[in-house]
């Protein structure tokens, strides 16, 4: 009998729970469809949001703290193995062995104590703090279910209240029918029964509403008191937790520093006793690292190789005979650092010249370019005086001259280098720093470099019977004699002087060939790489574009490594210098004739 009773109770509870779930599901559907209103508490909803945020932060802190403790334990194991290795390599006869072993033991105990205190003062406190969240979370969920029950009971009671008149009409209608079928004495009892049944349903709905409201309000009041206090308690918990961790870590590092200092003292004593056996680590040069002196900048990929040049120190040298490491750069501009944009800067040789003279040697087949440089720019081997006039001859192949003026010397014959003979210069005609004729050098006398350059020569060179006409200034008697002596052994020399440019301004010369060029035109360059302009005053260049270089209006505005110019295509199309000109990096271009 007892078993039958327990089964009946269990079945009744199951049926009651199923009925509650169906009622709640029906109420939620009606609320979502908008056919039933929902009770809302914005203040409580804000407390629930804070609770969820606090739970998320606490869970993350607990996870990170466990990770920190795992790292401490791993560090403890690594330190323990390192100390064991030290004990193994420490010889028994070495001084301080006992102290080293004691330090290793204290180190191990210190790590264990640190880990245990972190667990007790941080991790366990964290677990206790988070232990209260599951219960509150379940109560919040239960409060939500009770709120649905309360809304359902309220809606049921309200529906009975609104349907009261309809029920009375339904009751009165059958009475009118019963009056015809039932006896007179039964009609009153039937009507009383229907009224009693309606009142019973209404009373039951009211009781359910009061009960649901009471349960909901009790849970709601408790949660509204606990949630704000729990939210405010997070500040004190965070402070205590991180203060404990910081204090434990500080004490740990203090004690660890003392142990490390003691170990260092033991090792210093060992080093003093065995000082003669000190092991010194020396840096070994890398086999792959090139020597600093042999490192030379290379042009960007795709740029043409540098043309072999002949360095002339009053003595002709073959193009392939240059010794490594002794190549003289044309100008210090090779060390110029280009704009910091890819491709890598191209070291374009440039030279600042006072005069340009082209000597047509070997009858228009090979024309050397003679440039006068200052002694500070020339680094020639051999003893030279600081006051001596030096020559830097760069022989670059140029197109043949159409109408050269030749001196009255044997013409039409090419004289090889091995047929040139040294010329003895008169005593005192050359400065003391220049090589003498006895050394087998090719002696040529030139005007002093300290003299100011004279006016530019006309385009047609004059013929001089004894040699070439000097570019500027007058020659001293000794220099004239040296020039005559040198010219007697020189082959046919063709002199053609081009107009000199001072700060980009052409002085002298015929301007018939430059009518279509912009004012102040200096020379042409061709872009070797694409360049994307980064400012409004810069030119946009593509590989192969030809740029006409012009001087800056204000020389002080010129930056190192930059030139002012206008693209040839833009100039030919618009002829407007102000709109078309701009600056561009010199190392992205190459000078063209």
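Each residue, glycine too, has its Cβ placed from N, Cα and C.
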To which residue among 331, 425 does Swiss-Prot attach the annotation phosphoserine? 331
Using Swiss-Prot as the reference, determine which range in 202-245, 378-421 is annotated region 'Clathrin-binding'. 378-421
Any idea which of 15-42, 43-70 is down as coiled coil in Swiss-Prot? 15-42
In DSSP terms, the domain 'SH3' (520-593) comprises 17 helix, 28 strand, 29 coil
